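> First the structure, which I've put down as structure tokens, then a few questions once you've had a look.
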């Protein structure tokens, strides 16, 4: 294993054992590395005091590091949601969010710095894409939130900054690590996508290759029930018609055996009319899937409106009358710009 600038987070037990052997140490040293990385959550190699100091120094001199992130700011919302601003090794900023609810802790992780998709209602894409995150940077977000709450996460959702399907291999590598090394069940992990042409079959095939079986949830951010409206909200939809997108969802189901859930942001007087609910039911009714509604969370510089509770309730009841299983996601962390659609890598 080439040692130049290796980040240890994301490496599994066999890879860490191989690293130890490659450096003249025993398999046992690799197991110790694994334990201290994933059970104790160390930030620096020097903190792994069970390893010989000479070997620790040798690893550091060869450019090997844990590969964690540095917390540069923390925002605590009134509902106890915590947003962390985390600095990468090259000085970029990632936002990640911890959402407590009873005995559960959901961590919302980012997969990219910025986003190229340009969704009109989302703050993340306002500055475009800077780069995609590496597996260590994704896994490190989980450790940072775990440390902030002093408790282990129950769920991880890829709903932070970026489009996960434009970073498929690193996202799947991180899911593999979260599952096998941190012990987070795949069924407690959700990957959200706005839809990227030609990636759903690739996701299914690579997920089977990386994970052996696909148990995580794929959530499709639909946000509009027809092509014209969707294109006005999501520029990338111009190259990916809803009909083809839903065909790919069915193909994904055939390949993985896992149903796709649908997400729909409600924008006041724009996509929240009864006829929109009826159109949405027509689109997704055959999937026997869950629809997760999200009331718009305001961002600077946009004139979209959050719908009234009455309009939200009418939309929900319309879907339910059509036999659609639907839920409304609570807007957590709204007062600290930590809610869905509000993350942005610029607030220091």
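Cβ coordinates come from backbone N, Cα and C, glycine included.
In case it helps, Swiss-Prot gives these features for our protein:
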ACT_SITE  95  active site, proton acceptor
ACT_SITE  340  active site, S-methylcysteine intermediate
BINDING   115, 119, 122  [4Fe-4S] cluster binding site
BINDING   162, 163, 192, 221, 222, 223, 297  S-adenosyl-L-methionine binding site
DISULFID  108-340  disulfide bond
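Set these features in their place in the structure for me.
In three-state terms derived from DSSP, residue 340 (active site, S-methylcysteine intermediate) belongs to neither a helical nor a strand segment and is classed as coil.
In the three-state DSSP scheme, residue 119 ([4Fe-4S] cluster binding site) is classed as coil.
All protein chains considered, the CB of residue 297 (S-adenosyl-L-methionine binding site) has 21 other CB atoms within 10 Å.
In sequence order, 96, 97, 98, 99, 157, 159, 160 are the residues near residue 108 (disulfide bond), counting only same-chain partners six or more apart with C-beta under 8 A.
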> What subset of the recorded positions 95, 115, 119 lies within 10 angstroms of residue 297 (S-adenosyl-L-methionine binding site), using C-alpha positions?
none
> Rounded to a whole angstrom, what is the C-alpha distance between residue 192 (S-adenosyl-L-methionine binding site) and residue 340 (active site, S-methylcysteine intermediate)?
12
> Given a separation of at least six residues and a C-beta threshold under 8 Å, show me what packs close to residue 222 (S-adenosyl-L-methionine binding site) in the same chain.
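Result: 230, 242, 262, 263, 264, 280, 283, 284.
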> Name, in the order they occur in the sequence, the residues of the same chain whose CB lies under 8 A from the CB of residue 221 (S-adenosyl-L-methionine binding site) and which sit 6 or more residues away.
119, 192, 193, 194, 195, 263, 265
> Near residue 163 (S-adenosyl-L-methionine binding site), which of the recorded positions 95, 122, 340 can be found within 10 Å, Cα to Cα?
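For residue 163 (S-adenosyl-L-methionine binding site), the recorded positions whose Cα atoms are within 10 Å come to none.
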> What subset of the recorded positions 95, 162, 223, 340 lies within 10 angstroms of residue 115 ([4Fe-4S] cluster binding site), using C-alpha positions?
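Cα within 10 Å of residue 115 ([4Fe-4S] cluster binding site): 162.
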